[in-house]
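Written out below as structure tokens is the structure these notes cover.
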Amino acid sequence: MEGDPDLQFLLQGGDLLKVRSPSWKKTRYFRLQEDCKTMWRESKKTFDKNHTFSLDDVSAVRIGRQSEGLKKNTEEHVEGRCFSIMFKGRRKNLDLIASSEEEAKQWVRSLEKLVFNLDNLNSQQKIEHWIFNCLKKADKNKDDTLSLSEMKDFLRLINIELDDDYAEMLFKKCDTSNSGSLAGEEIERFYNLLTHREEIDVIYGEYAKTTGFMSPEDLVSFLMKEQMEKATLADAHKIIEKHEPDENAKAKKLLTKDGFLMYLHHPEAMILNPEHKDVYQDMSQPLNHYFISSSHNTYLIEDQVKGPSSTEGYVRALLKGCRCVELDCWDGSDNEPVIYHGYTLTSKILFKDAIKAIKEYAFKTSDYPVILSLENNCSVEQQAVMAQHMSSILGSALVTAPLGDGMPTNFPSPEELKGKFLIKGKRLNKLEDSFTPEAAEADDDIDVTEEEDSNDDEEEQKEKKSKKKLKLAKELSDMVIYCKSVHFNGFEDARQNLSFYEMASFKEGKAEKLAKESANAYIQHNVDKLSRIYPAGYRTDSSNYNPVPLWNAGCQIVALNFQTACEDMHVNQGRFLVNGKSGYVLKPAFMRDSDTEFDPVTLTRGAWLKHKTLHIMIISAQQLPKVNNKKSSIVDPLVKLEVYGVPADVAKKETSPLNNNGFNPAWNDNFQFDVYVPELALVRFVVEDYDSASDNDFVGQYTLPFNSLKMGYRHVPLLNKNGDLLPSAGLFVHIMILDAE
């Protein structure tokens, strides 16, 4: 982008009005640092480190008064001058006002272009960009050379702690001019020594049989023998054409070691099967035959007691592919329903604002249907307002009648419901009654509430229910078509008395008990119906529970607190990583058969039993970040391997820790796992910073379905705690999956 006018605009920077409240609006000078990655805010010409942010942390830049803060704290007449910078994770939006509409557009255009370019660097370019920035930071006196002390600073920046003697030896080896500092080609030699990967040399040397380079035939041999891929010479030619940086080698149809490494870093060659990245499953099955990415109390962005409610909660969840969001609705002032966690100190947002945000962001990540799970605590009057808002804002995208003619006997498919919204809530009568003109008017005095506090005993719950009985507005009731909320009274009662569209919500503890003690009955129940699981009431800190046992029981809507970065959310992200990140993953055939005998606990013989042996060699890691950005602390990395699935498949193993090397640690450790039900299994790679005195610190992780693993030598990308990509970091592994005898 050198010389690009948008880049030059950001490097020059300018004044913007930062907005925090109607009365707090202050001018701040923003500009891009020379690393073309860090934005800083200057005040009175002094650099304030606490007010910098990396463009890697930006999720979106939105023009206009789109954020909650700008809607609340600014007037309509400044609409065109406003824009917001949205961040990944829990960081608050940065709401800004430019001096003119043209300048606002310039800021947005320039920031979007740079964020896009950074996101689309390949792995090798990201590594080089990162190392280049660290070199510039280490060069304290800005003379474009590195002294010995600056070289040591640089090594610490890239997460290596070297013995002083070894550091001096490395320095002298590169200082061919004997000037006491490294410059030009000496720095390049130093870089090459640092980034040299012996494991790549060994693999490349094994197959580079044509005058020391890889020919198309050599590459086909590597792909078939090591990577277990069906490869042709035409495939090899395409790889060389696409990844070989040396034009002379490319002209001779040869792949150099650099080209080979570039290929191994490309997404199509990494551990996730590229065929599983886009929608690859049959999306024409009934809706309840899919696991559905689901969020609990979506409006909360922190804890469940006093934290803020925000439409940002919906935006973030939907952009992560969530397909079922929750709305806790209560009577508000001026006849406007509000959303908040009832009987707590959490702040309130308008119901209509939440619906507008959902409408805008519902289908940006996935085209497949979104379920609005209503926790309705409103009066009949405000329920009618809710219905009016949903009807006017969502329009024809809202499903208000069954698809097709006549009374349906099964769910429509995600494919048929593309771009549609479904309402989950109470209904005054059976759906069948709407097809029977002579059906009696239903009683509108029913219990419209659904979730119970898991800390209440049975008597307290009964007392609460009698107090909480509210009337249900017909306008709202009629919008509930395929997801009618009912209470669960046992599997036999459900089989005999409930229609396919009548679904129960189970609190976490009850669902886990059923999944453990009556797994097969639960699975059969979920062949015909939908089940929603929600966290226990004691999780006031917005902590989560393990979703895997509930998926093993066929439960589709396993709702988690998306705002909490944790192992359970990592596993959830791994489950929905595939199939186009559509938020829908087809359940295995043995969980879609009403006569299934599958039980994940007892694990009797059947079509689900496909015993595999998984061999994983953890070879090395690259560019691991410092923990919590600690400058002084060098990572002592170890790698944990975890398998999730049916109880027989659950396992954890780990490498030994390596001291003081987060840049290029190498283990070459081998591990073996038995996997009995691969269609339900997930594999998680976790990197931690070892600490002998306390708990290890989290560095990065990556989770994916077992059946989406690619065999052979593979790079594994790493995600941070929030589930966002760590730009340069990764693992290098070897995977082999064999049929067990």
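The backbone N, Cα and C atoms fix where each Cβ goes, glycine too.
Sequence annotations record features per position, and here TrEMBL assigns substrate binding site to 18-45, K424, K426, S505, R532. TrEMBL lists N297, E326, D328, E375 with the feature Ca(2+) 3 binding site. Feature annotation from TrEMBL assigns Ca(2+) 4 binding site to I634, D636, N660. Under the heading compositional bias 'Acidic residues', TrEMBL lists 440-460. Per TrEMBL, the feature domain 'PH' maps to 9-116. Sequence annotations record features per position, and here TrEMBL assigns domain 'EF-hand' to 126-161. Here TrEMBL flags 476-592 as domain 'PI-PLC Y-box'. The domain 'C2' annotation in TrEMBL covers 595-720. As annotated by TrEMBL, region 'Disordered' applies to 437-466.
Everything TrEMBL records as a feature, shown here on the structure.
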residue: K18; record: substrate binding site; contacts (Cβ under 8 Å, 6+ apart): K25, K26, T27, R28, L94, D95, L96
residue: P22; record: substrate binding site; contacts (Cβ under 8 Å, 6+ apart): K72, N73
residue: F30; record: substrate binding site; contacts (Cβ under 8 Å, 6+ apart): G13, G14, D15, L16, M39, W40, R41, E42, L96
residue: T38; record: substrate binding site; contacts (Cβ under 8 Å, 6+ apart): L32, T52, F53, S54, L55
residue: N297; record: Ca(2+) 3 binding site; contacts (Cβ under 8 Å, 6+ apart): Q304, E326, D328, H341, S542, N561
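Remote same-chain residues near the domain 'EF-hand' (126-161) are listed as 34-35, 37, 167-168, 170-171, 179-183, 187, 190-191, 194-195, 622-626, 631-632, 634-635, 660-664, 727-728 (criterion: CB distance under 8 Å, separation of at least six residues from the stretch ends).
Cβ neighbour count for E42 (substrate binding site): 15 (other Cβ atoms within 10 Å of its Cβ, all protein chains included). Within 10 Å of E375 (Ca(2+) 3 binding site), counting CA to CA, the binding-site residues E34, K424, D636, N660 contribute K424.
Here the binding-site residues are K26, K424, and the one with the most other Cβ atoms within 10 Å of its Cβ is K424. Across the domain 'C2' (595-720), DSSP assigns 12 helix, 60 strand, 54 coil. Taking the C-alpha positions, the distance from I634 (Ca(2+) 4 binding site) to E34 (substrate binding site) comes to 25 Å. DSSP states for the domain 'EF-hand' (126-161), grouped as helix (H, G, I), strand (E, B) and coil, give 23 helix, 4 strand, 9 coil. The DSSP breakdown of the domain 'PI-PLC Y-box' (476-592), given as helix, strand and coil counts, is 49 helix, 20 strand, 48 coil. Annotation for E34 (substrate binding site): spatial neighbours L11, K136, criterion Cβ-Cβ under 8 Å with sequence separation of six or more. Secondary structure by DSSP for the domain 'PH' (9-116): 35 helix, 45 strand, 28 coil. Rounded to a whole number, the C-alpha distance linking D636 (Ca(2+) 4 binding site) with K424 (substrate binding site) is 48 angstrom.
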